[in-house]
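Structure record follows, encoded as structure tokens.
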Amino acid sequence: MGDEAKIFTLSEVSEHNQAHDCWIVINGKVYNVTKFLEDHPGGDDVLLSSTGKDATDDFEDVGHSESAREMMEQYYVGEIDPTTIPKKVKYTPPKQPHYNQDKTSEFIIKLLQFLVPLAILGLAVGIRIYTKSG
């Protein structure tokens, strides 16, 4: 294996994103899968949607057979420059601000929720008594 593998940038590989010229990146290797598009069991859309990015996760998630992995070697064209692949950023949800609410307003609301219906009931009873005696 005296041959030096050609090194491609992700930008260069991304230019090959059509059905007549389709390259993908899997495990740091670049493959020209144009001739395989029609034969791919998942259809050509699967491969075309994997262009322009590191498709390793897409490839591994499907669970390809050992024969599929061996078949890939015939489409090998070089290596990807790892510095051109964007780093995967782990999503961290934004921190929720801590609200230091005044407990007094909460207490007043609960008190009013109790007193207002009680006052309405008292008013209704008072009107009833007043109209009966009058």
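A Cβ is built for glycine as well, from the same backbone N, Cα and C atoms used for every other residue.
Features reported for this protein in Swiss-Prot:
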type	residues	note
BINDING	HIS40, HIS64	heme binding site
DOMAIN	5-81	domain 'Cytochrome b5 heme-binding'
TRANSMEM	107-127	transmembrane segment
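Summarising model confidence by region, the domain 'Cytochrome b5 heme-binding' (5-81) averages a pLDDT of 88. Cβ neighbour count for HIS40 (heme binding site) (all protein chains, 10 Å cutoff from its Cβ): 14.
Around HIS64 (heme binding site), no same-chain residue at least 6 positions away in sequence has a Cβ under 8 Å from its Cβ.
Under DSSP, residues within the domain 'Cytochrome b5 heme-binding' (5-81) fall into helix, strand and coil as 33 helix, 20 strand, 24 coil.
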